[in-house]
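What TrEMBL annotates here:
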type     : residues : note
ACT_SITE : C341     : active site, proton donor
DOMAIN   : 30-277   : domain 'Orn/DAP/Arg decarboxylase 2 N-terminal'
DOMAIN   : 280-368  : domain 'Orn/DAP/Arg decarboxylase 2 C-terminal'
MOD_RES  : K54      : N6-(pyridoxal phosphate)lysine
Amino acid sequence: MKKPFVTYQQIKKITEEYPTPFHLYDEKGIRENAARLQEAFAWNKGFKEYFAVKATPNPFLIKILREYGCGCDCSSMTELMLSEAIGIKGHDIMFSSNDTPVEEFQKAAELGAIINLDDITHVEIVEKALGGLPRTMSCRYNPGGVFKISNDIMDNPGDAKYGMTREQIAQAFRMMKEKGVEEFGIHAFLASNTVTNEYYPLLAKELFELAVELKEETGADIRFVNLSGGIGIPYRPDQEPNDIMAIGRGVQKVYQEVLAPAGMDDIAIYTELGRYMLGPYGCLVTKAINEKHTYKEYIGVDACAVNLMRPAMYGAYHHITVMGKEDWPEDHKYDITGSLCENNDKFAIDRMLPKIDMGDILVIHDTGAHGFSMGYNYNGKLRSAEVLLREDGSTQLIRRAETPRDYFATFDCFDILKDIKY
Ligand SMILES: *Cc1c(COP(=O)(O)O)cnc(C)c1O
């Protein structure tokens, strides 16, 4: 059974202080998980996790991860600015972008970030924009085809817009070497939200073999292999969570099998995990405010898809706990809906839950990554607050909720809305 990281007593108190809906984060869980990741890869001297900022761009949370040695994986101007603002710079930033505007390369270089090129055409674009290439550069690889674990197709790299082909990455390394680059990295992200301990070791094997080949073919001094994101979390109660220790050991095994014999066992392993770092340690707290009995049974809550887009966008499952009714029989079948004028604004469809009464607090699980951050303003809806549940049980507001003032802010250079009162 999936249990929320807050108790009914706690959530009652917290919702007295902060109006629903809001995202709540679990400091204790975040810290324990970050420490485990470091332990799993402690065998690799240069190991570094670059937290994927897009997953949860909150400076308070990133500062917690920072205590465990994490840097930032950025892919846009504002993500770079956020990292800069919290004092993360230099090689503690990985700039893994695609379809990148030149100004963003310039900003990344200004911060001393490692630039991870998505395409071979960017070698010359970056050289021109910066007046020369940085000493350290990385390239993103896309092997094409489908990515399989045993006979299961995990994802479809051949269909993905990211990365360079095998020929292109070799060519890019040669070009960069000629242009003075001294240290090289290889990056690939081939499958998302993998709930299996085999993904990273398989990906690592492919990238380690590539590293050995590219060193031979181009003479490039390869300093790191970036396994990127993709380690998943068990959104469904019947899923077995990943075992990060087993994943670390699996990568270590192929490291010794492939890199060590080639004399390349000083290569650093980098990761860019987002979901795995924070996903389970956030939840969306919302209240039942309407019930409707038509052809189906509907419970309307005060959150909607702008607070959590994954169910509407991907049909993603998010577990729901009706707080205080954990032991009640799950004998009611509901659609749990938000208020958008979109019929896909449903957090759950035909979900068996305990009887829900108006005012009940619902906890929607696993929203700590790709939750708040995918928010938007459709229907004039406002983004919610983010609250941190501290280790000592106290709470801290780590982002206030938007107000109409924020929603109308982009009209501030016109007088057409000057009479709006908010
Ligand atoms: C989204 C993304 C990540 C993080 O992915 P998760 O699924 O959250 O682990 C890492 N690297 C890049 C380049 C990404 O685009």
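Including glycine, each Cβ sits where the backbone N, Cα and C put it.
Per-residue pLDDT, averaged along the domain 'Orn/DAP/Arg decarboxylase 2 C-terminal' (280-368), amounts to 98 for this model. For the domain 'Orn/DAP/Arg decarboxylase 2 C-terminal' (280-368), the number of residues in each DSSP class (helix H, G, I; strand E, B; coil) is 7 helix, 38 strand, 44 coil. The sparsest Cβ neighbourhood within 10 Å, among the listed recorded positions (K54, C341), is found at C341. Counting in whole angstrom, K54 (N6-(pyridoxal phosphate)lysine) lies 27 from C341 (active site, proton donor) by their C-alpha atoms. The secondary structure of the residue listed as 'N6-(pyridoxal phosphate)lysine', as reduced to three states from DSSP, is helical.
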